[in-house]
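Here is the structure we will look at, set down as structure tokens.
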Amino acid sequence: MDWGDQFDDIERHTQWGLDLLEKYVKFVKERTEIEQAYAKQLRNLVKKYLPKRNTREDPESKFCQYQAFLQVVKELNDFAGQREVVAENLTTRICVELSKHGQELKQERKSHFQEGRRAQQQLENSFKQLENSKRKFERDCREAEKAMLAAEKLDQDLNATKADVEKAKQQANLRSHMAEESKNEYASFLQKFNRDQSQFYFLEMPQIFNKLQEMDERRTVRLKEGYGVFSETERQVMPIIGKCLDGMKAAADSVNEKNDSQVLIELHKSGFERPGDVDFEDFSQPINRTSSDSSLGTPRGTLDGRLDPRLPGKNKGKRWLFSKKNKPVITEDFSHLPPEQRRKKLQQKIEERNRELQKEIDQRDALNKMKDVYQKTPQMGDPTSLEPKISETLSNIEKLRLEIQKYESWLVEAESRMLSNRPDNTLRYSRHLDHATTLNNNGSHEKGSPDATHSDDSQDALNQPIYTEFDEDFEEDLASPIGTCVAMYQFEGSSEGTISMTEGEELSLMEEDKGDGWTRVRRSKGGEGYVPTSYLRVTLN
């Protein structure tokens, strides 16, 4: 017997074990409440700082520092999810399971102690019976001894009658018989008590103690497992939490200040031409003139009476970089934007409308196929029921095509305006060179004359950087191919913008089909243009 016979001590110890189990469950429950509150606060924080709408159209979304910030916030949201997983696992695997196990142990413990108390009560009852039979046996023995002494005394008394002596002897014999019966009864109860006591201490109580021991050891094992689950639950989410932290570190590493500067330049590149040189305004000419020249002549300016554009306040050079910007009136053709921004916005609108057009075309094809199926198999549906949807789709296609044509015409206009600046710049540069050559050949003019002033301006203009859009277009022309393609058929590119190719010729894929049936390619021998998409076998990188 491992536990001994300290029944009350065992009862106190098992109760302490159940109290410890409940205390641990309460401890874990409070921990889960902390985790849930922490996760909820993190969720609210993420909700507060994440944009409430799609940010793809926002200029800020193009900066890698802003993208990194959004990534950090999203990783924090995933981190909050793992805290919720910890709270849920602790609740399920510890609070719920251990609470249920504790209730089962309480019922089991109660039944074991009830069984022990019944055995104890039976032994006590057997002992009481033994004590009662013992006292009765003792009392009957004393009564028998008294009756025997009284009979002997009457027998020796000469004055006692024979009847009294006989009566006294009969009483003595009766008492002796009763004492004998009490003796036998006492001996029987004694045997029964010894048997009950032996069964109680060697069979019943050891079995009950063993059951209580096994029950308490099971409780200890479950509590031990609960301690392990407490740490294991945290350890299970560590890899995912580590990935969240790695994602935050990767977001931090992705920030590139040079890229963001370039993005800012691309976003706000205007396409305006740099302003020309400021002309010299010679205020000394009226002083040097003779009185006859200034008496009744025209006002200061040109000979025909018009004001000289060089006069102050009349022809100020356009300083768009430092000018105060008024709120522009937004127009449909984006003419309120600078040239470069207008071109990009129009290209973006064309791409959006092309995507919408492709969706509508796909829907039209699907509806036509469904209509053919309905016509061949009337059981599947009524073909006429698709007519309204087909008509609506065709109307949308026509509307989108008109919008694309409209935006393309505006784009051509915008690009032509940007390209028109290039000849002006070249011409201006040529004029500077010609004028400088003339000055060098003819010698310097008289100081203070208009020609001399003009020569100074021309010489300054030679040092002025010439701004054109050519570099940007050249970079776009040298874009990297996005794949390769092979010409399955020969094609003669006779129209503007197309390029010829021979059957089997390998080409570089520069731009995919935008839904109009044409693909931009580059030949290995040089030259770039559009060819029919159906003539190509395309392989993307």
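Cβ atoms here come from the backbone N, Cα and C positions, even for glycine.
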Problem set entry | Of 120-171, 224-275, 380-431, the range TrEMBL labels coiled coil | 120-171
Exercise. Tally of helix, strand and coil residues over the domain 'REM-1' (336-413) according to DSSP?
Worked result: 72 helix, 0 strand, 6 coil
For this session: For the coiled coil (343-370), would you mind checking the mean pLDDT of the predicted model?
Result: 89
